[in-house]
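Scroll down for the structure; my scribbles are underneath it.
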Amino acid sequence: MSSPRDPWPVQSVFSEGENGPVTEKRSRPVVLAVWLMIAGVIGWWAAFELTVEKMVQLADPGAAAGCDFSVLVQCSANLGSWQGSVFGFPNPILGLAGWVAPVVVGAAILAGARFAKWFWILFLAGMTFAVAFVCWLIGQSIFSLGTLCPWCMVTWAVTFPTFYAVLLHVLRIIGTGPISRGADKLMGWLPVLTVVSYAVVAVIAQLRLDVLENLF
């Protein structure tokens, strides 16, 4: 079975040589750059909405949040819990700051910037923290709070594919031989990896919370 077509190709960069245009070895991940900007904007907007809801909650603890749809689907329980302020301040503030990075990186790549390998490694470290934190929050939301926070789920939805995309991109630029080729092939499976991640979360939520029965 052949692997799917790579949805995150890199674009060769041309420069003028003595004998005409030549292709440089370095390439720009244009599609990845576009995705980073899209994901960053979506993630930032979700964090902004949660921050606004938290402010409303602080001003009027008895007020229902705009994203409270049912006992199961709501933001209030998550925002009001200790899990909603793990580091001593509301978690959405992390999102307001953190999601700016993908937007800036994506825009810089489209503008022609090329980053060193160490930069990509640091960027991957940041995304690894993000996906690990999201996985922890998913577990807390499902198993401890028994809720599904709408804006939180938007954050989850963009974090997984962004992490996979950055991870595979880093592996293909810093890896050698089989590692680089393997990362290239796995890029074609990135949509599948993302859907599988969504499915795993959905199945866990259904088994634990009986979502289909208690959605509304």
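Backbone N, Cα and C atoms are what each Cβ position is placed from, and that goes for glycine too.
Note that TrEMBL annotation is computational and uncurated.
Copied over from TrEMBL:
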type	residues	note
REGION	1-23	region 'Disordered'
DOMAIN	29-170	domain 'Vitamin K epoxide reductase'
TRANSMEM	30-48	transmembrane segment
TRANSMEM	93-111	transmembrane segment
TRANSMEM	118-139	transmembrane segment
TRANSMEM	151-174	transmembrane segment
TRANSMEM	186-207	transmembrane segment
(request) Counting only CB pairs under 8 A, let me know which of 30-48, 93-111, 118-139, 186-207 has the most with the transmembrane segment (151-174). (result) 118-139
(message) So if I exclude everything within five residues of the ends of the transmembrane segment (118-139), which remaining residues of that chain have a CB under 8 angstroms from its CBs? That is, six or more out.
(response) 83, 91, 94, 98, 101, 105, 152, 155-156, 159-160, 162-163, 166-167, 169-170, 173-174, 201, 204
(request) Kindly report the helix/strand/coil residue split of the domain 'Vitamin K epoxide reductase' (29-170) according to DSSP, in that order. (result) 108 helix, 2 strand, 32 coil
